[in-house]
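Q: Take a look at this one; I'll ask things after.
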Amino acid sequence: MSDLSDIRREYTQGGLRRANLPVNPMDLFEQWMQQAKDAQLSDPTAMCVATVDEDGQPFQRIVLLKKFDDNGFVFFTNLESRKAKQIATNSKISLLFPWHPLERQVAVLGEAEPLSMLDVAKYFMSRPKDSQIAAWVSKQSSKISARQALEGKFAEMKAKFAQGEVPLPKFWGGYLVRPASIEFWQGGEHRLHDRFIYTKTDADWNIDRLAP
């Protein structure tokens, strides 16, 4: 077994104070997302999406956030994928944005609900054509014999859709994650990190500081 106990560093980039927090957590998320983009982080919209199967086994994967507003967080996926099947069984979901260079992370707990076909189609048509074709090619999470089979299918579908628009696959869609809570974590000196959690109420958000 490899001993990794000596890998550590101090967090020095600043703290997070209650007096500076906005009432709406999405305002703080927007600010942090913009700062992650301004810092030119690699894939600032990348988030770890956790779902649970019918046996209670959790699964995680990296997915790109495509939109957010006061309603929540939006991502798109193959509806035959493992994550989509798990969401159909249990809509509870967790998102994590790991912005390590900024010594920050944001954790979201909530429920996922399917997007309308209009919203899905609108986003699908905005994708590069090769990405649209790739959506037709991959039966996500299924076992394949070799990469060559995937590449061959891509070439076949690229020829099929060479002219005109690529239609929206029936098995492709998206989700809105409506947050029940959003936790903001900022690294602090001596491991005295700052953690604030926003919890949704019927009318507003409660804000609490958590011990690091």
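Backbone N, Cα and C atoms are what each Cβ position is placed from, and that goes for glycine too.
Residues or ranges marked as substrate binding site in Swiss-Prot (evidence: sequence analysis): Arg8, Arg9, Glu10, Tyr11, Lys66, Tyr123, Arg127, Ser131, Arg191, Leu192, His193. Per Swiss-Prot, FMN binding site is recorded for 61-66, 76-77, 82-83, Gln105, 140-141, Trp185, Arg195.
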Q: How big is the Cα-to-Cα gap, in Å, between Gln105 (FMN binding site) and His193 (substrate binding site)?
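A: Just about 11 Å between their Cα atoms.
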Q: Tell me which of the binding-site residues Arg8, Glu10, Arg191, His193 ends up closest to Leu65 (FMN binding site) in space, Cα to Cα.
A: His193
Q: Ten-angstrom check, please: count other Cβ atoms within 10 Å of the Cβ of Arg191 (substrate binding site), all chains counted.
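A: The Cβ of Arg191 (substrate binding site) has 10 Cβ neighbours within 10 Å.
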Q: Taking the Cα atoms as reference points, how far is Phe76 (FMN binding site) from Glu10 (substrate binding site) in Å?
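A: Cα-Cα, rounded: 36 Å.
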Q: Specify the secondary structure state of Arg61 (FMN binding site) as given by DSSP, simplified to three classes.
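A: Going by the DSSP assignment, Arg61 (FMN binding site) falls within a strand, counted as strand.
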Q: Drop a 10 Å sphere on every Cβ of the binding-site residues Arg8, Lys66, Arg82 and tell me which sphere holds the fewest other Cβ atoms.
A: Arg8
Q: By a simple count, how many Cβ atoms lie within 10 Å of the Cβ of Val63 (FMN binding site), its own Cβ left out?
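A: So the Cβ neighbour count for Val63 (FMN binding site) comes to 17.
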Q: Around Arg127 (substrate binding site), how many other C-beta atoms are within 10 angstroms of its C-beta?
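A: So the Cβ neighbour count for Arg127 (substrate binding site) comes to 14.
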Q: On a C-alpha basis, identify the one among Arg8, Glu10, Arg127, Arg191 that is nearest to Val63 (FMN binding site); the candidates are the binding-site residues.
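A: Checked the binding-site residues Arg8, Glu10, Arg127, Arg191; minimum Cα distance to Val63 (FMN binding site) goes to Arg127.
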Q: Provide, as an integer number of angstrom, the distance between the C-alpha atoms of Arg61 (FMN binding site) and Glu10 (substrate binding site).
A: 28
